Structures are given as structure tokens and as C-alpha cells.
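Just below is one structure, and these are the notes that go with it.
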Amino acid sequence: MMNFEGLDPGLGEYAPGLHGGLEPGLDSSMDPRLDPSLLQAVELDPDSLAVPVSESMHIVEGMYSELHSVAAEVGIPVTATHFDLQEELLWMGNHRGHASSFFGPTMGRYSSFQVHMTDDIRHIQSMDTGVLFLTKTNLKCLTRGGLIMFDYPMEEGADMHSLILTDNNTLLMGGLQNYVAELDLTTVQETQKFTVEVPGVAIMRQSNRFFFCGHTSGKVSLRDLRTFKMEHEFDAFSGSLSDFDVHGNLLAACGFSSRGLNGLSCDRFLMVYDLRMMRAITPLQVHVDPLFLRFIPTYTSRLAIISQTGQCQFCEPTGLANLADIFHVNTVGQLLMSFDVSSSKQALSFGDSGGCVHLWSSAPEVSFNSYSRETELALPCLVDSLPQLDWNHELMPLSLLPMPLTSTEPLLSDWPTSLITPSPRRAPLVDPEILRTMKTVGFIGYAPNPRTRPRNQVPYKIKDTELEYDSYNQVPESPIGRDEEPHLYMVPKKYRKVTIKYSKLGLEDFDFKHYNRTLFAGLEPHIPNAYCNCMIQVLYFLEPVRCLVQNHLCQKEFCLACELGFLFHMLDLSRGDPCQASNFLRAFRTIPEASALGLILADSDEQTGKARLGHLIQSWNRFILAQLHQETLEQEGPQAYRGASSSTLGSSGESVIGRLFGCEVENSSLCRCGKETVRSSLTLLFTMHYPEQRSLDKMIEEYDFAEILKKSICLEQSTQAWCDNCEKYQPTLQTRNIRCLPDVLVINCEVNSAKEAEFWKAQTEYAYNKALKKEASEPPKPKEPLPTEWCLEEELCSVEGLTFDTQAEDMRHVWIPLSLKMCISKTQGLEVSSLSEGEELTESEEAEGASVYDLVVTVSHIQHARTGGNLVAHIKVGETYHQRKEGVTHQQWYLFNDFLIEPIDKAESAHFDVNWKVPAVLYYVKRNYHAKYDLRIKNPIDASVLLTEASLARKQRKSHATFIPLMVSEMPQASDLVGLDAEFVTLNQEEAELRSDGTKSTIKPSQMSVARITCVRGQGPNEGVPFIDDYISTQEQVVDYLTQYSGIKPGDLDAKISSKHLTTLKSTYLKLRFLIDTGVRFVGHGLQKDFRVINLMVPKEQVFDTVYLFHMPRKRMISLRFLAWYFLDLNIQSETHDSIEDARTALQLYRKYSELSHNGGQEEFRKVLKALYEKGRKQDWKVPDIDSADGQGSPKSTAVFPSVMGL
């Protein structure tokens, strides 16, 4: 961004063009400002517009002279030029959004294409795969041939001017707005925004220490490479900044000074700053009016200063300018608008207001880059020069014949289904003679060979193929999808079971964003019993339930309400990263009722598909509501955590779960003798009951969903029951009526057999036919468009595998209504009816107490014959969740399939094709039901959790204490340092397979459990002294204590024989949650894995991980032991690991890092890291014996590494 106000009057005509748009009707032939002499010097050749250099021109080696000039578009100002960093190409962009590239020093035209229809191109940046073009309102990436790779629009009101690549996949963009945006080029998504104190970031540069931002106000700010926080600021010019550049320890800037009422004038003094002392040195006076400047460090750090009229001067930034060093760019009276220097420093490019690009060079054989890759040039058409093909030659491949590919005719290679259907042959039956004479020893049978068949041969009968052996008869005729399992072809990909691909880095390089581009958090599926992930999401998106469990805290060790509250807190903090419900499922496995109901699956059941997931999730739904109702209803005894506020439900005697889901029902039993027994109870959900089919041949009758629902709620059935009056079992008529309507109506669909599936399928057909007839009788209505503004990509809005073209098509496979009207009449009779979209209650219906229920949740079982399928949920996410995550008020349906989350259309939520998608659970909520509930969340965890507590171990003595609890005066504050380390044990071993190429593929990672957590003080007189050193008791079987790495021995976690300070996981979890909520900063080594296993979500700004502090990009991670030996001269972990020692060492390493970064700066710290990696390679990353004979110890010396205070 350059401010040209107050400059040469000739440039003033173009000044509006730099800030707005040039006249759209500007034409080169009619432009009065176009100098006719320009056309005399340029030959407009249609093949190439290059102007050859006259033969008499002689380029002096080392001196810059004009090599070529090219007129790209005559009369259209060239607003950006750029030398390609990978190939020998020069790029230019003009005021009308057109880009062109020229090849090599001869500047032959390579490519030309339109980037933007109206806006000017303001910045060009080449990458390995393409070229980035920045305009005012968008960023576009195209290949060097002009094919679009992506088009990223900016936010409304953005006015972008500059960009800079921070690494291969990330860039920063700045402009006249008050923020700088960071963009991930891999996903083409904005990752974060950095607010700038001084708006108008028009120029950006980068060194190995800082980001440099040039502002339109005349200031240059220096910002941290990681956090983008401002570290220093130079007030260079009083008017505006024109250009600046950075080289080594020098920063040079040119700009405009304010001249009072006369506006701005170009300042002939360049401001030069020393970045070591962060102050200005003697300004450099030059003899031209500087508009651009660049460092051209060849033999010396010389500066090139360019004026608007084409004058160029070279000078040293700390010396005096010499008039002899001035040369002139022949622009034929036009003004220079852009300037760039090649990476080899051999070439300069200038773009002027007349549409010309000038190439200057310091050598006759100029190369733009030191090592350029070969440019792919367009090949001439080879159709006329095809070789003669001998049709009679047997080995001549027919693929050499050029053939157009048409989409209307089928290909010969697209074989029909009958020819491509796999026909596996059954193994032949064992000869009866062998079975008759066989003798069994153990499980092995021995028999003589009757020799009725040839040895190792089986007759191959083509005609006797058994198609019924496997149901592969539904393979589509198109070759699309043949590489996938045939019985999955009808299931859209987003509904299929998602799995995590593990690598040697575990989950670090798995792209979860590919599956979830929203800000909501998915759940990982690899944990045992994770089939309930979809129902956990359902409960989370019910606002009263979320607030209830997050306010709940009790003294029970395994409380599902507490664990759900902890998990929901993580889902709140996550910004699209997946979470795992490991602690919740750990507590779930300990509940006896869950085991009795068969809700806890063995690993073999999950993997082999033996579990009936549809029936299972309905039982789980009934169990979790009853369990939460019981846990939140219980009166709390003595406080488990001193001072922690108990659940607000404990004292009220009424559970929020009961108020939300509960419905008081009246069960009546009428015996044939006339005696009637009436009992009242509370039910939390209802189960669908379908009418009995008397005959298999009889056609299924048509029913309305509301009718079936009413009969299921007000159930009537005859059964044998005990009658006290008759004193024997008698046929009894049992009826059920409800006295009130629940706020949330939960329905278990009970489609658990083929019989119910056929009934559901028939009803969807009836509903679809009815919709077709209705649509045929009514004039067509325009369909409501999909909410594309909430889709992150256009592809997301086209629902894969499902098309909704018309309103009748919306009703295909749909039976359940999106809204219901329910009321209880004065005669205590329940009335249920479907409510069409947009229909509201009348005043009389509201007076009678009628309520409208909207569908918000559907849980489906996706069928799969071999694996048992998977469970998914459609959830209508409310406004409050979008407000917290995205800052917008909006409602939207989403599909939740473990860690895959996608927005969907509302019609898809009620779509059930029972061939592959079977309904399991439905949730209807009363409109505006939130109003009667307190939705505030008060964190129930307070500082009392850190105070002294008793150990579970019976043998522990105070003399064995390894930590000193915090005193009240030592309570941590925000930004306090805490050293942390955790040790783990293995509950389940890793499952892996060995591929044919010898590599290992992880199928299921090992399941770890935290065994010890240590926290040490990070400041104060007791710095380094532990205040938490908890061993975590576990009731699950440990298969490997990992003693060599964890220091945990068998018996340490057993309360009967342990001498350690043994606590529950919940107790220690609360301590860490309190520290996180307080805002302390954790220091440790490998904390990412520690927090993952502990199941905690910690904001990134609260974690200082020494693994990454002492790490160079694209290099290996360094162990704590090697870092301690190298920097601290400590020999740790020699025999086994100790978490107190590791936490202290990490804290000391952080102090060392702070010391090195502060004293020497980033450049010196990089040298230290290089020396560290060099030493590591020499040592093979092994710590030598400190007392070895060669005396090779730590390289630490007091001169280079000042000693760190021991903890």
C-alpha cells in the first residue's frame, strides 16, 4: 500500500486507481493519457510482445542495464510484478485483474489469464504447486498454466494489500482492516486472526527473528514469529510509509512526510534502523524521490532505491549516496507502479502505468533463480505426425489409437453386471468314506486316502457357480465404486463406519479436519464401548442436560453425571478437534446395572459384529436417563471436596432429568372379575409398539405416525397377571394413561426385527405415494434452498447419496413428522397429530393446553452384515451452541458419525431407508422449553481440592510422603508456572498387522491408563518442590506396568499393599481441572500425550512443552534425558523414570530456554539448537556415561551456558 497524495501531478491521475477501481471503460486506443511514442517503441506481435534488444547494446558485467521490455496490455497499469521462485518465469498483474507470465531473459509469453473480473492484482507469490494472486477481496491460487486450484473470498469489508508465506502451508494476509488473517493452504481455511493495534498493514517482511509489518500511518512494527504479538515499533515517517526492506541487522524504510496544509511530500531521507540495538542510526540522504527500495546483497549490502519517474540509485545503507550510481529506466514518460528483485539478484523488474514490464539485468546470460526447475512448455500438436500403425501386427497395442471419450456411449470396458459379479466356489464336501474311517486324536482327524480324486486337484465347473453363496448381486453397472465392498454401494460414505489410520506418529499426522470442518468436537471411536458416542453428543446438545451435569459434582468415585460434566467441558473448549470419552467409559464399565443389562461389550463382540447395536443403543438410552435421574436426585451427604458446591438438585428433591424427560403415568390393571388396580409411576421414555399382523399374506395397513405414537404411549394390552381377589393368575387388561406432557419426548423405535422393518418400510411407501398425489394436485412451489451459507464447501450442500429435487422427493423413505401437536383433553385423553411445516397453534388450542413438539434428534443404526454396522445421530444444533462456537445465531441439522461431522438438510434427518438405515431413537422437544430452566453454569470446582487429603493406601505413612501440599497462601494464580509429569500403565496391548512389504500397520493402539501424576511448584521459595504426587488406583486389569519407563511397580496401585499416596482418578482430575481453570501454565516434556491419556483439554497458550521448545522443524524430537545432559549436566532416567525428577528437569529446561532466548535472541538460539542437533548426531542421541574413561561429559560450560539455579 503506497500513499501517492501530494506527489507528482502526473501520478495523481492514477492515485484513485491504487485505492479504488479505474474507469471500467478505459481503452488503450481512447486513453488521452497514453503517450503515442510508447507504441512506436513496441512491436505488437500477436505471438510474442517481446521487444528485442538492439545488437549494439552491450551489458557490462556487474552493472544493471535494460535487457527487455514487454507491453502486456497497453494502457493498463502494471500493479504487481514477481519473479517466480521455482522456475525461470516473470509474473505481472495489472489494474484490471489480468495476469501474464514471461519465460526467461527473452521474455517470451508463457501464460496469460484473468484472475479477477474487476479488482486489481495487488500481490503475487509463487509456490511449488502454483501461484497466489491477492486482490482486494479474495485470494486465488492458480497453476502456472491458469487452472484454478482454489478461490478464497475475504470477509465483508476486507481490503487486502499484502501477504507473506510463513512456511510451505501457511500464509498471513494484511490490509487496511484492523487484523491480519492466517490461512492454512492445505485446507484453505482461516486458522486464526491476529488483531493489530495500528490498522493498515500494507507491507509485510520476515526474518528469522520477527515479522515486520509496515503500516499506512508511517510506522513499522516488529512481531513475534509464534504469537504475532508486537515486540517493538519504529515510528519511521510522519505521513505515510512507501516501502521498506530488511537484511541482516538492518531495516531501511522510505516514505512521505507531512507538510502541514500542503499534504504529503516524498522524504529524501531513508530511515535506517539497527535491529540489534532497536534504534535508528544516521538517516541516508539520497538524490531521487524514493518510492521503492530493496536490499540487493551481492558483494555488499547495497540498497536499490527507485523513484516514481524511473530513476534508480544504488548506495550502501551506512554510507553516502553517490550521484554516479544513478541510472534511469526508460518508461517513455510513464510512472513506475511496481518493482521486484529476482532471488539470484541478477535481474530487476519494473512495471509502469503504461502497461509495460521492463527487465534489467547485471549479466547477459541472466537466470532468475540459482537453481530453477525445468519449465513445462506447451508441446506442438502431434496429431498430424502420428506413426503408421500396422493393424495386422499381433503385438500392436490398440491404446495407441487416439479415441475421443464420450459420455453418451458406454465403454466396451464397462462390462455388464453378469460378467463382473464375483462367483466364489464353495470348498467341495469331504468324501463320506474319509469321514467314516476317520479317527480323531484331540482336535485332529486321521483317515486313509480313498484315492477317489487326483491329489491336490479339484474339478473346475464353470456352469455350476453358486451365486447364492454371497449376495453380490447389487453391484452397480457403472465402474464407479467397484473398488469398494459391493454391499456398501447404497450407503453414502459419510454414513459408513469411520476408522483412524495410525502411523508411527500415532494420531499426530491424521487429518481429522478432512472429516470435520465445523467447530464442533467429534468423539474418537477406538475406545471399548464407544458405540454410545452418538448418544453422548445427543445429551450434550440438549442445553438443560449440558448445564445440569456441568454444575454437578458429588463424592462418588464413579459418577456418570460428573464424568459427563467433565467431558462436556472438553467439548465446549474444543475448536473442532476430536475428544475421547475414555474417563466416562471407564466409569461406565464399573456400574453394575450396565453390566447386568448387557451394555458392556467385549472387544470381540465389537469387532466381529455380534452386538445388535440398534437394540443396544435403545437400552443404553433408557439406562443413561435413569442413571442421571438417580445420581442427580440423590441427597448429598458430607461434601466430597471441601467447600465444593453440591449439585443444586440434591436439595430440591426433584431432578432436572425428571422435569425434562419425566412423565407421570397411570397404570391400570382390570381383572375379568371386575377388580381394578391403579398405580402411578414416572417414566422417562416411551417405546413404540406396532400393530400385530394376523396373517403373513395380508397386506400391511396404512397408519399415521401420530396414531402409532398415541397407541404406544396410551398402551392397552392383555396379559396374565395375579389377582388378589381371585387369588390366581387371570387374563388382565392393562392400560396406561399419562397425566402430563414431558418437555422432551424420548422414543425408542424398537425396529429390531424384519417384521418391524417391513412395517416401517410399508408406511414410508404410503407416505411417499400420498405426497406424490398431493403434489400432482397442487401447482408446483419453489423449493427452499439449502443453507449454503453454513456449508464450508459447495460439495457439502449436495447431500451425497440422497437427492431432494421436489417436495414429494423429500418424503421418500420418510414417515415421521418434523413436528407434532400433543395435548391432554379434559377427559384425560391424549391427542396426538402431525403438524405441517409453518403451521402454528390456534388460540383455542393454546387455551386447551396443547403443545408443539419439534424433532431435534434421530439416532440410526447403519447396517453392515459383517461388522454389525455403526450408529450415527442427526442433531438439530441450537442457537446457543452456534453463538459460542461461531459467534452467529443460527439453527442447523448436523450428522454426527464419531469424529465425522457434516451439516445436512432437515429432510435427511427423517429419512430412513430400512435396507441400510434403521431408526433407533427419536427426540422431540417442546417449543421454547428452555425458558423454565436455569442455563447458567457455575464451576463447582474450587481451591479446596488442592488441600490435604487422606490416601487410599492402608500402609502409607507420613514419613513416606513425597510432596508438600499447597498452603492457602500458595494458591496458584493465573500465569504461574507448574511443572508436570505423568506416568502410565497399559491396560490393553496394541493390535497391529505386518504388511507384505515388511511395514507394520496399527489396527488398534494400546489402551493406556494414568498411574501417577506429579506437579511441582514453578516459582517462589519452594520452587521445584512437589505439591501433587498422586498414584492413581485402578480397578481394571493391568497387562504391563512399563516399570522401565514409568517407575510403577506391581502393587503400587493396590490399596491393600501400596505404600504410596494412592488416590482416585477423579480426585486428581479435579486438581488438574482447577489448575487449568485458574490459568496456570504447565511446563513438561511430551505434555500432549499426557493430557490426552488423562483426558483433559488444555488451551495451547497454557502449555510450554520442552519437546517443541528445543525442536527444529523437520527434525527429530529430542528426549528429556539428552536435553538434561546437554544443557543442565544432569544424568536422569539412568535406571528408571521418576516423575518428580522429570517435572523438575522440564522446569529447569524451560528456565534455560528463557535465558537463552532472552540473552541471545532467536538467531543465537538457533545456533544453540544447531549445535544441539550436531552433538546428538555424533552421540547417536545416547547419553554417554558420565564417569566413562574418555571423560566425555556434557558440553555445558559456564561461559556458554550459565548455570541454572537448582531446584
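Placed from the backbone N, Cα and C atoms, the Cβ positions cover glycine too.
What TrEMBL says about this one:
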DOMAIN    521-927  domain 'USP'
BINDING   ASP981, GLU983, ASP1090, ASP1142  divalent metal cation binding site
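Feature map: annotations from TrEMBL on the structure.
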| residue | record | CB count, 10 Å |
| --- | --- | --- |
| ASP981 | divalent metal cation binding site | 29 |
| GLU983 | divalent metal cation binding site | 25 |
| ASP1090 | divalent metal cation binding site | 23 |
| ASP1142 | divalent metal cation binding site | 26 |
Q) Once ASP981, GLU983, ASP1090, ASP1142 are set aside, which residues in the chain still have Cβ within 8 Å of the Cβ centroid of the divalent metal cation site? A) LEU980, ALA982, ARG1012, ILE1013, THR1014, GLY1084, HIS1085, GLY1086, HIS1137, SER1139, ALA1143
